[in-house]
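Listed features, source TrEMBL:
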{"type": "ACT_SITE", "residues": "CYS85", "note": "active site, nucleophile"}
{"type": "ACT_SITE", "residues": "HIS173", "note": "active site"}
{"type": "ACT_SITE", "residues": "GLU175", "note": "active site"}
{"type": "BINDING", "residues": "SER227, GLY228, GLY229, VAL230, ASP231, SER232, SER233", "note": "ATP binding site"}
{"type": "DOMAIN", "residues": "200-398", "note": "domain 'GMPS ATP-PPase'"}
Amino acid sequence: METSPQHPVLVIDFGAQTAQLIARRVREAHVYSEIVPHTWTAGQIAAKNPAAIILSGGPSSVWEKGSPNVNPDIFTLDVPILGICYGFQTMAQALGGAVENSGQREYGRTELSFTGEPSVLLEGTPNRQVVWMSHGDAVSQVPDGFVVTASTDQTPIAAFEDPARRYYGVQWHPEVLHSEYGQQLIENFLIRGAGLTPDWVPSSIVDRLVDQIRDQVGSAQVICGLSGGVDSSVAAALVHRAVGDQLTCIFVDHGLLRSGERQQVEQDYAANMGIKVVSVDESERFLTALAGVKDPEDKRKIIGREFIRSFEDAARKLTEEAAASGQKIEFLTQGTLYPDVVESGGGEGTANIKSHHNVGGLPDDLQFELVEPLRELFKDEVRAIGRELGLADKIVNRQPFPGPGLGIRVVGELTRERLDILRAADLIVREELTEAGLDQEIWQCPVVLLADVRSVGVQGDGRTYGHPIVLRPVVSEDAMTADWARIPTDLLAKISTRITNSVPEVNRVVLDVTSKPPGTIEWE
Ligand code: XMP
């Protein structure tokens, strides 16, 4: 059975931070999934026409007053169900089993063994394996019709199955990487247990999205704000695949870009793909608006505001040009992703755009209807689609770069000269990291100019009074937390020497060895 937004696997979120992770793992198994809140009624769930349901873990104890219970009506829908951790317990309770507070927490890597009963979920995995546990309560009695398939020293009922009704449950977290065979278990549930076809693959996603865009846009004109980042590049490439020259992209050069970025967008991306791009050089406007401003939040606000104004000006011009040739721009493409939709609480319908990371966010009073082809996708899927559409690796694998760009990497007031110093140092760092093959390992590496700091140095016979450059290479999964990247010291030495030799205003290179928390990734 195929899955799609019309026939999804629903992950019912009991408040676990792992609900998104579960949904991602399902997608990695090439099956389409969506997250819905546990407060949904069985009617709302049925209306989604689910292909299967997964009940997530959650922070509560089933014993706590007011803790969320699974809605028992979902067991009348005749849909395969997998309960995970809290979801396993609430499922056991709803179907007539029992859950007890054992008084003992089982936490972390735990050895699991099979009971010997035949198992759909555990098929093809070793009968002793390490799983990740995190629970205080435990299922103490299985509901009628279920067999126990696995246990740990502390938890005799660690997994159960009722293959006739296609109901399954596990006490551990198969979605986290510490559970050795977790992904296999999720696939076993989806493919063997629920009989789903793993056909949510880049080529079929592209075909579907292209059809969808064509339906939405018809013969109207579309504009798209390109930032050079992965999301807007892939969104534009998709719309281009769907409606070709009806798409015009706008690229606002705010003067806070890194060396070569504008050329990369104009040549490597637009020219190679045959996409129309109108670039506007607005660096003067931004620098004028930012003159004298030091506070990072003020900088962000000004950059955000000027970005919107620049974009509106460019869009207005294009609208007039289109009108002169009897055409109308009706649509605006944005690269909104599924996590943005979930995190802004907009799982259903309306267009929500994260306000924190602001520059791409456009006001909703722009007179365009939104085209958001990536709304259903996770970042990994966006990258896979980018590859499918033929985008170059350096675009698809591009590291995150903040919308306000180098504006928040010059600590202090922004001037053209300071930006040029930073650009020169940043280019050296990027070249060296790429040559050392570290681009994939490192999440991102802000290079920061401490423009208001000067320190004494010596060069040749003379004393210098220059600025420090900070290197901030980090490793991370999602930018919410991060650690400083352990870059080989020889490479650091090479970077330092190159920067101090070729950027005269810089006489010191320092390495930031702070994790996040407490330090954020960016310095401002
Ligand atoms: P922090 O500095 O908060 O950064 O640890 C987390 C991630 O967000 C990026 N970042 C921004 N992106 N506008 C953006 O578009 C911003 O104002 C902004 N501030 C931080 C940062 O590069 C990292 O990936």
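From the backbone N, Cα and C atoms, a Cβ is placed for every residue, glycine too.
TrEMBL: automatically predicted annotations, no manual curation.
Keep in mind that this is a model prediction, so the values were computed, not measured.
Each residue in LEU226, VAL234, ALA235, GLY335, ILE395, ARG398 lies on the same chain as SER227, GLY228, GLY229, VAL230, ASP231, SER232, SER233 and has a C-beta within 8 Å of the C-beta centroid of that ATP site, without being one of the site residues.
Non-local neighbourhood of GLU175 (active site): THR18, LEU21, ILE22, ARG24, ARG25, ILE84, GLY182, ILE186, each in the same chain, at least six residues away, with C-beta under 8 Å from its C-beta. Counted within 10 Å of its Cβ, the other Cβ atoms near SER232 (ATP binding site) come to 21, all protein chains included. With respect to their backbone Cα atoms, GLY229 (ATP binding site) and HIS173 (active site) stand 33 Å from each other. A gap of 39 Å separates the Cα atoms of the residue listed as 'active site, nucleophile' and SER233 (ATP binding site). The Cβ of ASP231 (ATP binding site) lies under 8 Å from the Cβ of GLY335, THR336, LEU337, LEU374, LYS379, VAL382, each of these being in the same chain and 6 or more residues away along the sequence.
Within 10 Å of its Cβ, the residue among the binding-site residues SER227, SER233 with the fewest other Cβ atoms is SER227.
It is 35 Å from the Cα atom of SER233 (ATP binding site) to that of HIS173 (active site). SER232 (ATP binding site) sits 34 Å from HIS173 (active site), taking the CA atoms of both as reference points.
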